[in-house]
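As recorded in TrEMBL, the features of this protein are as follows:
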type	residues	note
TRANSMEM	30-49	transmembrane segment
TRANSMEM	61-83	transmembrane segment
TRANSMEM	89-106	transmembrane segment
TRANSMEM	118-139	transmembrane segment
TRANSMEM	159-180	transmembrane segment
TRANSMEM	192-213	transmembrane segment
TRANSMEM	219-238	transmembrane segment
Amino acid sequence: MFTTGSLACLVAAAGGYGMALIFYLRRWPYAGRAALAIAFVLQGLYLLGRGWLGGVFVPNPIFEGPFLLPWSIALIILIRSLVDPDAPIAVTLMLVIGLTLFSIFYPQGMIPPSPKKLNIWALFFFTSESMAHALFYIGAGVATMSLFGKTPADGHLTWIVWGFIAYTIAQVTGAVWCFLGWGNTFSWGARHLGSAAIWTFFAACLHMKFIPAWNRRNALVTIVGAMLVFFISYGNYLREMRFPRVGG
């Protein structure tokens, strides 16, 4: 049975992302894509192995945010590098490296899932939320490069639109999961209020496009939005470090 008691795959993935960054900075795109693909597969194997942390396969640990997010970003930039070999991905690759390193030092065990969390809607929620966060971060990376004239001024908007769609899906699937598990679709807790704040912020960010005076500031607002996502999501992850865990 494939299982993970060590961090070998994850550490190797971090090294692979680092090599990919070096290759891209040296303008060796083919070597960079190869290193990125290998690192992506290694991190995927690590995620798959997390399913057996409890001795029997439980999918919940695979979808835990600190581990799924960098893999989601890597998936997007890998596809982007294949579709557009000239796409600037160094900034987002640096982010993948940083988040992967964070996950190496994050508690590796799984939080024992309650019956309320053993629900397909929970997995839909965490998948769409991580993908939305990944798209927001990539949008912020593109926005940062636009400030230096490396990408079109509005090049980040497509990423934010797709991120907003994914995040809206996360809110719907999360509400269904919440209703099935707890009997309501929203609670006035930090987790739900944080999600509402992120959704509202990016809804406003997208509508700023229709206000001419704000067009030039939209890139800065997108960067601030990514900082908001990071503050809220990683604040929750740091709090969850104190939760009891098994395996790992």
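Backbone N, Cα and C atoms are what each Cβ position is placed from, and that goes for glycine too.
As the structure is a computational prediction, the values presented were derived from the model and not from experiment.
Using a Cβ-Cβ cut-off under 8 Å and counting only residues 6 or more beyond its ends in the same chain, the transmembrane segment (30-49) has close neighbours at 2-4, 7, 9-10, 12-17, 19-21, 23-24, 62, 67-68, 70-71, 74-75, 77-78, 81-82, 85, 93, 100. Listed as Cβ neighbours of the transmembrane segment (61-83) (distance under 8 Å, sequence separation of 6 or more from its ends, same chain) are residues 17, 29, 32-33, 36-37, 39-40, 43-44, 46-48, 50-51, 53-54, 89, 92-93, 95-96, 99-100, 102-103, 106, 110-111, 122-123, 126-127, 129-131, 133-135, 137-138, 233-234, 236-237, 247.
Sequence-distant contacts of the transmembrane segment (159-180), counting only residues of its own chain at least 6 positions beyond either end whose CB sits under 8 Å from a CB of the stretch, comprise 119, 121-122, 124-125, 128-129, 131-136, 138-139, 142, 186-187, 195, 198-199, 202-203, 205-206, 222, 225. Sequence-distant neighbours of the transmembrane segment (219-238) (same chain, 6+ residues past either end, Cβ-Cβ under 8 Å): 65-66, 69, 106, 133, 136-137, 139-140, 143-144, 146-147, 153, 156, 160, 190-191, 194, 197-198, 201-202, 205, 208.
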